[in-house]
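Student: The structure follows.
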Amino acid sequence: KLLSPFGGCLALLLLSLCNVCYAEGEEGKEEAVNVLLFMFFGIGVGVIFMQCLNLIGDPVPYTVVVFIAGILFSLSNKDGTGVFGESVAIWINIDPELLLFVFLPPLIFGEAMGLNWYHAKGAILQATVLAGPGVIVGALLMGCFVKGMIPAWSWYLSMTFGAITSATDPVAVVALLKSAGASPKLTMIIVGESLLNDGTAMVLFTVFNNLLNGETYTGGSVILFFLKACVGSCLVGVAIGLITVRWLRTANRPLSDMDVLVQTAITICSAYVTFFLTQKTLEISGVLGCCGAGIMLAWLAPPVILSHETLHNVWGTAEWVLNTLIFLLAGLIIGNRVFSKARIVEWVFLFVLYIMLMIIRCFVIAMCFPVISKIGHKCTWQEAVFMAWGGLRGALGMALALITYRNGPPEMEAETSEMFFYVGGIAAITLVVNATTANSLLIKLNLLSNDSAEKQIVMASIQKKLLKHMRKALQELAQEFHFNEKELDEVRQSVSLLSDVNIKDVMAAVELHKEQKMQRKMSITKMPDRYDPLQRVPLSEAAMNPLHAGGDNSPTSSGVDIHTIPSARRSSRPPTSNSDHGTPIYGAIAEDEDIYGHSPFDVIEMLEAGHNTRAGAGGGRSRGSSNADVMHRRLSMSGRGPMAAVTPQLLAYVRSTFLSMVRVHYWHDIEQGKLPRKSKSGKFLLYSVEVGLDEATMESGARDWVCVEGKLDSSSFEMKALAFWEEHMPEHWFFSYPSRYLNKLECNREERTVYILTSFIAAHENAQNKIHGYLRIDDEEEDHPEQTSPEELKVIAESKLAVTIARRRLENINPETVAAIRTKQAAALILTKQAEAVKDMVHEGLLTPKDAEEIIENINKDMQGIDHKRNRMYREHGDSSSRRRKALRKLDEIRSPGSLLSNADL
């Protein structure tokens, strides 16, 4: 389980080593490209932490862990030497405005675009009350308190601090609510307030920061600027949102992947253009502008979007990357500029300010509660308590404090630096304390009713529906895999949902289904099982081919089976082999293999005989016919018998189409779980299809099987080296690890062989059933939809020959191993179907995403149980494999020329 985190730690160790080496050899050198190193380092650290948190059950929010990691890393890397130290220094000294313009637009716009319009419409009035009067009152109270506690600060600086701390950070709040799983109504109120009060606070910050830097305002100009920034930003955002929706409608081809890409790019472009236009060009609120544009898309764009899944995945990935980087960067900045340079008295003031901030937040919520409890979604007192506690501060406040520190008056550098310490410290405390305890508070306030009786009834009903679907899937797999009772019970034990299923009832249902199927067959008039094109050859073709003439020279006319005739042609036929690999593809086929009632060799040779006869006859082309008419007659089924001349170009096209069907089946097996994603079998089967497509024009077919067979017969250099080690090293426990590893590799190869062969056989048989009638061209051919062209017939014959070899190779593998792998494969299929059923229930609204995650977690545990069984099977089979290799070596020693034992003794 910890392999991936340990791999990430090893990568970080190597990075540190490279950093030291660079510092020793290139000290003092700074390059602009070094800025990329920290970005990808941060993404890697985020992946490691996310994997570790998933393993231990997410006890704390992910963003809190990344934030703390940034602080610790900053404290441990004070020197900042080497290429990585230079990269960190560049990010720590980042321009705060650049930080806002890079990180905020996609985070704000993406969250607004994903709002539920019904909940957003119900929460807009409540969010406006909290973001308008609430922010103004909170900023004024906090500014007055700071001025009284720190008299050295000016009023403008105190009010600037109040404006920065009065608004909750939308980035931190959204991350908290997603991890906590709060109700949609509560989430919408808090997120809406965070988005709007952030814009209001930035307007207040702009006013007081300008006053701090010497600008003057009158009362009327302040009100005018406030209205222009708040109302104007929203109107500009709404206008851009409407233009974006109109633009999205121009890319509306449902089957065009390009239009899906275009729509995604349009939304990203809209986010940054809106923020830049409102914040930089018009000098109003970019946050409110992004909110307005995003809400317009949330209202009008859903029917226009071609692929909601693609858009969700792209924006989800972007938000995760930006969240990871911004919280890691926030930890770096706080650790570098706050914790390492603070005095004890400042630490005391910091905790006092945090307590006072929470008191003011509670007062503002209580002041607004009589209004927000009667409008919109009607907020309850429990939700109001959580809103007061869940108001987090984060990277946005630190960016505003950095702007004040960088652009403030030079004579107030000490005060602005102290203000940055308090802002960063408050952000750190709210993230570490409030965010960590938010989930427990939700449960305490009964806002997460995890154990309610209603939820248990609903989940029990969901489990019954899933059990019904999975029982049916188990029955279908029992028929498909031909399991006996013991093997079916092993499948049942691997799926926890099927633990109470009676295997005897399932087997009885399978037998009943077989009987009903046989009765339906008996009730239908006896018809040929499949179309035999070789028995419908026209008379002229039959005269050319004595095997179907039906006369005295015909083997079939005398009642003799064609398969019992000794064929001199078979024995004299040169072996067909791969010019690249030298492996014959037909040499291992017996004479009694059946295809369309005839030997595959007969099918291929009769097709070749018809081709040669027609070629010798000159093709029958009339003098006045055009090339197009001749080509149409050659491709037309009405003018060609199944034994007509095979067109090489058309044969190559049919082979390519056949292999394309095979490739689709391989991908289907990978998605269903028949081919494990961790195994190399799926990758190699897809590679073999590419080889077959590249060699489709060759005379011999089934080139994908030639590639597969070569892979199955080969041994890796690693296995050869380990076998050499085992053979020449003494049998001692110190040297036993290579032998155990060789056992594991052999078991892996055997398992991979089973996966490859079973999927190859299923894919080819599926393609054989679908390729019939692929080349019907004339309208009159619709009267015979089952008619098969000679090209199709030859491709099917080549495929059946390859399938026969694959079946024989599969029969040579230990049946117990095959059964164990097939039961594991069936269990993985059932679990995959269960996961798909859960996702369908989420799409249909029967399950919430939070409840679905719990079921998916149980499915993942069952998957891990299958892996444990697989490892146990490796150990058991590995021991027997090791004993077999030792016995063979002993036997070789005994059979050596110097042995005294006779052949009889052997």
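Glycine residues also receive a Cβ, built from the backbone N, Cα and C atoms like all the rest.
Grabbed the feature section from TrEMBL, which reads as follows:
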DOMAIN    50-443  domain 'Cation/H+ exchanger transmembrane'
REGION    544-585  region 'Disordered'
REGION    868-891  region 'Disordered'
SIGNAL    1-23  signal peptide
TRANSMEM  33-53  transmembrane segment
TRANSMEM  98-118  transmembrane segment
TRANSMEM  130-150  transmembrane segment
TRANSMEM  156-177  transmembrane segment
TRANSMEM  189-211  transmembrane segment
TRANSMEM  223-248  transmembrane segment
TRANSMEM  260-278  transmembrane segment
TRANSMEM  284-306  transmembrane segment
TRANSMEM  318-335  transmembrane segment
TRANSMEM  347-372  transmembrane segment
TRANSMEM  384-405  transmembrane segment
TRANSMEM  420-442  transmembrane segment
Student: Do the transmembrane segment (384-405) and the transmembrane segment (189-211) share at least 3 Cβ pairs closer than 8 Å, excluding pairs fewer than 6 residues apart in sequence?
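Tutor: Yes, since the transmembrane segment (384-405) and the transmembrane segment (189-211) share at least 3 Cβ pairs closer than 8 Å, they count as touching.
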Student: Hey, which of 98-118, 223-248, 260-278, 318-335, 347-372 has the most Cβ-Cβ pairs under 8 Å against the transmembrane segment (284-306)?
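Tutor: Result: 223-248.
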Student: With Cβ-Cβ distances below 8 Å as the criterion, list the same-chain residues six or more beyond the ends of the transmembrane segment (189-211) that contact it, or say none.
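Tutor: Answer is 108, 111-112, 115, 120, 123-124, 126-128, 130-132, 134-136, 139, 156, 159-160, 163-164, 166-170, 173-174, 177, 182, 217, 222, 225-226, 229-230, 233, 284-288, 291, 372, 376-377, 379, 383, 386-387, 390, 396, 400, 403-404, 407.
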Student: Please work out whether the transmembrane segment (223-248) lies in contact with the transmembrane segment (98-118), by counting C-beta pairs under 8 angstroms that are 6 or more apart in sequence and asking whether there are at least 3.
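Tutor: No; fewer than 3 Cβ pairs under 8 Å.
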Student: Would the transmembrane segment (420-442) and the transmembrane segment (98-118) count as touching if the test is at least 3 Cβ pairs under 8 Å, pairs 6 or more apart?
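Tutor: The transmembrane segment (98-118) and the transmembrane segment (420-442): touching, no.
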Student: Is the transmembrane segment (318-335) packed against any residues at least 6 beyond its ends, judged by a Cβ distance under 8 Å, and which are they?
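Tutor: That would be 39, 42-43, 45-46, 63, 66-75, 88, 91-92, 94, 99, 103, 106-107, 110-111, 171-172, 175, 268, 394-395, 398, 402, 424-425, 427-428, 431.
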